[in-house]
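Asker: Here it is, the structure in full.
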Amino acid sequence: MAILDRINSPRDLKEFSMKELCKLADEIRDFLIENVSKTGGHLASNLGVVELTIALHRIFNMPDDRIIWDVGHQCYVHKILTGRKGNFATLRKYGGMSGFPKPNESVYDSFATGHSSTSISVALGMARARDIKKEKYSVVAVIGDGALTGGMAFEALNDAGNSNTDLIVVLNDNEMSIAQNVGSLSGYLSKIRTEPVYLNLRNDIENLLKRIPAVGNNLYKSAERVKESLKYLLVNGMIFEELGFTYLGPIDGHDIGRVCEVLVGAKKRKGPVLIHVVTKKGKGYCFAEAKPDRFHGIDPFKVETGESLKASNLTYSSAFGEEMIKEGEKNDKLVAITAAMPDGTGLKAFAERFPERFFDVGIAEQHGVTLAAGLAANGLKPVFAVYSTFLQRGYDQVIHDICIGKMPVTLAIDRAGIVGEDGETHQGVFDISYLRPIPNLTILSPKDIKEFRMMLEWIFAFNGPVAIRYPRGGDSEVEFEKYDEISLGKWETLSEGKDLAILAVGKMVQNSYKVVEKLGAKGINARLVNCRFIKPLDTIMLNNIFDEYDIIFTVEDNLVAGGFGSSVLEHASLKNYRGRIVMMGYPDEFITHGSQKILYKKYGLDVDGIMNTILKNI
Ligand SMILES: Cc1ncc(C[n+]2csc(CCOP(=O)(O)OP(=O)(O)O)c2C)c(N)n1
Ligand SMILES: CC(=O)[C@@H](O)[C@H](O)COP(=O)(O)O
Ligand SMILES: [Mg+2]
């Protein structure tokens, strides 16, 4: 019988020999490859933490002890070991198992994650609560070297290191973020990896120093000084030591026995401890080892060849990358920024073509925004390509550093709207609501990729803060007949009709276009407006629409609260509009995981849903 099938609870791991645990690691890898090849998901990171996760569950007693997975995309092995092996066929599917830790899914998921660099703050909070309540359990944060580039992680290290709180941080160092990891800390880690001074030596030194008799104040002080100097010379991870952590490592994260040994030692130590574990992203699957970035988050694929089973179509991200290169050739002031997403945002080719004009700042969206402001302040034309959900991290910076000073920064907001399988932590459904109130900011959204390219060209010539939001993936099969020239604050009427008006934004214009055809077949004539500028509104056209129609529908891939429809309502109130405005968008709830198609349907934003809402209301 497979060892994997003999595990009913993570506590069962304590019964197995090291040899059996190694066999278990192999079985888990086969299981992961087999299952993720069918469902898609975050494969490479999980293959890298198989032994580490087994060791954590062998040494700690969950759910009493707490493990917080930073980002959480590497929690699949943890899910397998905590009774959810049978749910993998439903991974990331609507109604199925989430790809991230979810306390409402299992008591073994101590905290929900999804965005990077939060784990040390959470762990410190939990540890402080434990101490105040005089409870006894261990708290462990598992954070990757990529996640460690995020400002929050530094803030938490700074606080935890000074706190004397018992807390373990496991730094999983695989030299990779999604792409190659960046920054000077990453360089420092790689130096430790390549010039390691082993843990045993550290213990020997500590033991030796303890034996120096503490007679007299002066001798004690000298001993302390010697100790500090020796530490500088001989102990790895001095940065962490200086921050107040006991640093243990680097250790081979694929050696279960060794990891267990160090975890046991860490558990006994007082105060904050950081264990530096070195792993290989994609370990055990040759294609993922060779291209860990491609297998970071992967669509279903063929196990034998590693080839993707999804047809590749033109995406907004790839069109963005193409337009950036075209503009980069013409304008040497154009610079591009990413926060650790060169591939996802389509900027990889730009980075290769113009390395001196490309900045990967690590998982540091706040810094990315303000870096862009600085570049703009000194005469460059920065474009920060960032997912809608991650721009939430840089909100204050958009207001404070870009918009107050009217810096000509472009926020290229990818993955706006429903992203699908990543679920509630990643849906890009807030950006219209959080950006719309900011003075001086112009916000656009294209009806399709062709218009997206036109808008980018317009933006490249525009001098001011601008945000353009566009969805994950590509277009549906809608062929528009017209593309008016882009002009600041001007909307585009795509069909004329006297019975009702539909004001649609972004990709929702495509669904609305099909709705207009269907309504026409029923003898209902609708005017469809492509509201290209979310801000400023085309108030001239909107005032006309108020004059001509008794009922107006707004459609957007964003929350209703504070969204585009709300801005139409605000203007209607100003103009004392007497008709009805029906808003379509997402309700006041977090949107779960599932395919974009299913979620559009669920929230009435697919063609049938929009059609039904209109028919119900006229
Ligand atoms: C705030 C934020 N920005 C960007 C991301 C996208 N993202 C998810 S995982 C990841 C890389 C994480 O690297 P690391 O922590 O080293 O984990 P690994 O996959 O290497 O195990 C990035 C950039 C995110 N989840 N959160
Ligand atoms: C875990 C995480 O935050 C990223 O890996 C994210 O899942 C990437 O999303 P895309 O697949 O849309 O690039
Ligand atoms: Mg990493």
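We number each residue from 1, going along the chain as drawn.
The backbone N, Cα and C atoms fix where each Cβ goes, and this holds for glycine too.
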Asker: In TrEMBL, Gly114, His115, Ser116, Gly146, Ala147, Asn174, Tyr285, Glu365 are given as binding thiamine diphosphate, so which of His42, His57, His73 is in that site too?
Answerer: His73
Asker: Which of these binding-site residues has the least crowded Cβ, counting other Cβ atoms within 10 Å: His73, His115?
Answerer: His115
Asker: Among all protein chains shown, how many Cβ atoms are found within 10 Å of the Cβ of Glu365 (thiamine diphosphate binding site), not counting that one?
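Answerer: I get 29 for this one.
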Asker: To the nearest Å, how far is the Cα of Asp145 (Mg(2+) binding site) from the Cα of Asn174 (thiamine diphosphate binding site)?
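Answerer: That comes out at 7 Å between the alpha carbons.
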Asker: List those of the binding-site residues His115, Asp145, Gly146, Asn174, Glu365 whose Cβ lies under 6 Å from any atom of ligand 3, in sequence order, or write none if there are none.
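Answerer: What lies within reach of ligand 3, judged by Cβ under 6 Å, is Asp145, Gly146, Asn174.
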Asker: Non-local Cβ contacts of Gly146 (thiamine diphosphate binding site) (under 8 Å, 6 or more apart, same chain)?
Answerer: Ser116, Met176, Ser177, Ile178, Asn181, Ala340, Gly362, Ile363
Asker: Among His115, Gly146, Asn174, the binding-site residues in the record, which have a C-beta under 6 A from ligand 2?
Answerer: none
Asker: What is the average pLDDT across the domain 'Transketolase-like pyrimidine-binding' (314-478)?
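Answerer: So the average pLDDT across the domain 'Transketolase-like pyrimidine-binding' (314-478) works out to 98.
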